[in-house]
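Before any comments, here is the structure.
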Amino acid sequence: MSPNQDSLHTLNEIRNLMERSSKFLSLSGLSGVFAGIFALIGAGAAYIRFKTDWLVDILVPLGSYQGESRQDVIGFLLVDGICVLVSSLAIGILLTVRRGRKKGLTVWNGSSKRLLVAMLIPLVTGGVFALAMLHYGFIWLVFPVTLLFYGLALVNASRFTYPEVFYMGISEIGIGCVALFLTGYSLIFWAIGFGLLHIVYGLTMYNRYEREKLPGGQLPGGQHPGGNMPGGKSGLAVVTLLLIAGSVCQAQVRIPSDSTVAKARKWYDKETIYLRNGNSFVKNNVLYTGQKALRNEFMVSPEGLGLYLKSRNTRSIGLVISLAGSAGSIVSLLSGKRDNLKTFFWVSVGTGLVGSAFTMAANNQRDQAVWLRNRDAMLFLEANQ
């Protein structure tokens, strides 16, 4: 192998290491299928339980629901939702751990922690908001709100796992937006978003990343891609030619040793950085803090530095919008205009969605800036070897 090929192999190994260290790749597609099934069961149970005029009453956007059965409705929806959530989490964790062990990956690592934090922030916020809507009797808002915040959580977490998660999150947000205006069908849209969409996503992920391929490119049924190829002597001749060609290539090409991989790992651990909260970062297992130290690390990559500064500005805009929305919601509550749904809803949810969008954009810009900085640092080190 020539020096150029050796360097290319090293850079490819570094890229694989960076991807495995920054993305959680143990998610099981079957867990999505089971989550969708549990959601459909929960939606079916809610429909059967309220298959009366109650279902019409609680989904009509005419203010808070004040029927005699209000507490029964809220209690059943809480129990139903908790059962679906616990069942989906249990089977999801089980299948994810099983797949991680099968692939030889550590499930609980830095990537999984970042994925969990990215999902929990929108999920917890949406959960509190949904509970508040239940408490005040705005049951017709609960179904769209859960879809919207779940979609935001998926979009926010998609940068730490497979890219298909991003498109699923966008789909959940779209379904939630439609459900806001077609409130009479909120339960149906909820079943589509959490049920059917999860099943389609899970099957897609399973077929793309988990389905075991038959050895030798064999197709199901024992057929080969070249199934019309004559067998017998012709097949033996082909195998013989391949063996001869392989022997010649092996004699002329030097297979790289493990030293290349070890060198790539050493470079990666020594030169790359991992951002933490605020202006702190980790490099070579040492924690550094301060804006000056972080700027010095980005000096090796002007493009990465510019993108990082841009991410900070974007995050500041999102924070201002979120604070303004929180202040507006507090003023709306204190003024006693809680029944004014347009003011309360658009101030709370509208600013929350816009602020979350700016925060997600800032996170993506920050992650891309760090990736550019790490890439340029590795290339700089490679050029000076």
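Quick reminder: no glycine exception, Cβ is built from N, Cα and C everywhere.
Among the ranges 238-258, 343-363, the stretch that TrEMBL annotates as transmembrane segment is 343-363.
Panel annotation: around the transmembrane segment (24-48), residues 55, 76-77, 80-81, 83-84, 87-88, 91-92, 95-100, 103, 105, 107, 109, 111-112, 114-115, 160-162, 165, 187, 190-191, 194-210 of the same chain, lying at least six beyond its termini, place a Cβ under 8 Å from a Cβ of the stretch. Long-range neighbours of the transmembrane segment (73-95) within the same chain, counting only residues 6 or more positions beyond its ends whose Cβ lies under 8 Å from a Cβ of the stretch, are 28, 30-32, 34-35, 38-39, 41-42, 45-46, 49-50, 54, 58, 65, 67, 134-135, 139, 142, 194.
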